[in-house]
């Protein structure tokens, strides 16, 4: 199994996608941040009114998704046509789950855009409550599903 | 417990650090990526020769750390004076652990820089082997320790 | 009337344009900066020779237009195919009017690109003469007209 | 009266601030956006609940302020130590006024950072309601006051 | 012979490519860096094991190529579909030659992307060995060949 | 002779400059572009009036210098306090020489900023006349001199 991002001299390269067809690409990724009760409550109570921590995280996730090809060295620039987000709360576990769904009509998939959006969004939550809890954990960043391209539909088992 | 990034109208703000002293700041963060055997082996065997996946991840982590204030909405721009990385391998678990340590002489801490470096580095590993394994998980992104500033030394328990 | 940039939970989203057709998009925006006589004269006299204040503003406007999707959170990345600028002078009012026209073949309009170009260009003029006049005003930033897409042709009344 | 951003050959230059003292710099700028009743109401009613248009504009303003030296060709990079925003509503005039205050300990002032923040924030409001009103006007972008540096305190008359 | 990047008032403009056809574009550029024996040997010996100087340069070249439209004022944003690099060594001359090949399906050529990639890659080599040799020279940055578009195939004589 | 940008595992790192003193840093770099007579004349004749090719190149050089730490992976972010440029013309050789001088009060030198400014400026000239001459050469990019820091004054022999 070859690594597609390495050339025959084992040097990194940006994969040639010029001969690929333009198809509708969709990818959905998610990730979680777990914190202590105090931090979770601070976000929630505030959120009950105006929710600016989660709002800020969502905006950061969308803007981060757009920066993917600048951040991940071998990613192709893409013309994202949609970014949608959702946040689920698990009160017992003091955990937020951030979901980012990205669409694009292009020659290469958008899973990295979705995953980057998730990562930047979770880091933004971290930043905004780190004064309350220094032991938060970001975890379970995964690709939920993707569509489009030669490899077709994928749903995580 | 107030959220320091919100003003009295519950709007996000960039915290005022103008009255803080300039001190030596250090932060070390880490995170993991777990994959299937085939993907782990592809990185390792290649790594035995030239290691370009991990090299690329390290470079992406360093460049990502420098981009923190552009990505995380309420982060202050900082003049990072060092970024150092390390990678540990857990063969049985098919897992790489990426560690990023950031230094700065400034008015605010560098934990977000270290955490952002870790996140971008792990996403880069993901990108380069995603053709082999679509079910990888990025997890356990945490602050290991930090120094400097009013709150002093912190070591994760 | 719904806000198209908010989802059903009132969270910001990047609108889905994946089903839209690719059409020729044109947008022309303009804006003005008014200053005191001394500042106006400094730009003009210099301009009589080499015009670097206005030249710099034009270049900043073009480069700013290209940065729109990085600056405006919900804007889609676009492949701009033309940026053209013009500057009108109103000597009696000590005012410059900057006009920016942007073209693109895409799924979404380019009015934000034209407006962002105008704003960055005017700020650049401000920056370069602010040592002479601290009371300048940037004003009348508007969309002059646009073409393309479902909503068709628009000309400001 | 010379233009400080031009050298003796009339070419643009980034002014030499190396011999200036580091002082506390503060600048407050503001600007307005006027729209039709429908657009104003759409923002307000939504704002009564979660305010995401204005929240998004505030975040864009803060992030835009941090990008000033990338956007305005002759601006120095600066280590902003605070960005604070406020929004005033003028219901009769269907107008929002965005105020941005920036602080920095440095060798050069932060008025361009405050003005850029205001401009990007207003463009973001524009973007989010442009489907409702294509005839909005951004206007009255001014420096309210500034402090610090050789020229001392300035308050707009 | 007119300069295509200037309008009728001698102001810079981004050329209108909206009426051009989308064709496959390829451009190959190269450039060299010459250093003293000690610096050349330091890169080579290291390269014999892991080659991180040249690896880093290649990654910087690829990322730099993606940044072209941000750096070169009148360049159009492009959706690069491939970046490939190669490095040739001339031991007697203590010289490395960096070759960057870029592909794109678009309305305008990719020679600036290839040339920018070469320049950033060579500057990265310079940066990493400048402690050993302060008298290095970057030279012979040229377009090797290009394909696509109205002007067709070009091979440097 | 060790490479200072590699750690003990031969991985790239951003050098630790935290213990270095803040001193006044100056670096001057230069580079050349040689073209055919027609291209040289097109720039010159235009330059006789408004000089927008060279003006654009100067602005790009200044903005490029500010982007150095984003482009060169192991470069530290720096607070540049001055960028000054000059252009010399060699009519017989159809050559322009671009000189960029950068100043900074910091812990690390500014030679990469000066060299990056030169490279981006020359690429901008290339871009604006490439329709006339496809065989231009960028060459002789060197550090002319530098000052400040532990290694003291350097003047190229």
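Glycine too: its Cβ is placed from the backbone N, Cα and C atoms.
According to TrEMBL, the feature domain 'Molybdopterin cofactor biosynthesis C (MoaC)' maps to D:14-149. The substrate binding site feature in TrEMBL is assigned to D:74, D:75, D:76, D:112, D:113. Among the features that TrEMBL reports, active site is placed at D:127.
Positions of TrEMBL features highlighted on the structure.
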residue	record	contacts (Cβ under 8 Å, 6+ apart)
D:74	substrate binding site	D:5, D:12, D:13, D:14, D:15
D:75	substrate binding site	D:14, D:68, D:69, D:112
D:76	substrate binding site	D:14, D:15, D:17, D:69, D:106, D:107, D:108
D:113	substrate binding site	D:27, D:65, D:66, D:68, D:78, D:80, D:83, D:102, D:104
D:127	active site	none
(Q) Using Cβ atoms only, which of the recorded positions D:74, D:76, D:112, D:113, D:127 are under 8 Å from chain F? (A) D:74, D:76
Q.
Treating G and I as helix alongside H, and B as strand alongside E, what does DSSP give for the domain 'Molybdopterin cofactor biosynthesis C (MoaC)' (D:14-149) in helix, strand and coil?
A. 51 helix, 47 strand, 38 coil
Q | Taking residues D:74, D:75, D:76, D:112, D:113, which bind substrate in the record, the widest Cα spacing (Å, whole number) | A | 13
Q: Ten-angstrom check, please: count other Cβ atoms within 10 Å of the Cβ of residue D:112 (substrate binding site), all chains counted.
A: 27
